[in-house]
């Protein structure tokens, strides 16, 4: 299943995996998953985190390695994101709830994820998604950015 991904997709997933894998040991633990989810404003219980890891953890060692992560991500790409999941993701970025993601909000979320971006990189990300040129990303532009990836 993972072999249907492009090299670019695999590279993006590797980058995402490394955001979760805080200690760089090649495995995501429930603690690391919890840290990332809390940085995104979620508050999962220990049991919920364990369920998430167990769902992906094919070899039963209690952690998620990159091949397991890749399998999960390729499966998730097949089940196109539900409207509610996309709305929820948009709300994570739209901190002030005004219906737009500004450069400052994007930088804030990416920093909380451990991604230090320069102003230029943040501006490039906004420009790539900002089809009407108003300097911020509205919900429609956000959806378009997700589905055109």
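Glycine is treated like the rest: Cβ placed from N, Cα and C.
Residues 94, 96, 98 are given by Swiss-Prot as Ca(2+) 3 binders; from 85, 105, that same site also lists 105.
For the recorded Ca(2+) 3 site, residues 94, 96, 98, 105 set the reference point as the centre of their Cβ atoms, and the other residues of that chain within 8 Å of it by Cβ are 93, 95, 97, 99, 100, 101, 102.
Take the Cα of residue 98 (Ca(2+) 3 binding site) and measure to each of the binding-site residues 32, 68, 136: the nearest one is 136. Away from its own ends, the domain 'EF-hand 2' (44-79) comes close to residues 1-2, 4-5, 9-10, 13-14, 16-17, 20, 26-30, 33-34, 37-38 of its chain (Cβ-Cβ under 8 Å, at least six residues beyond either end).
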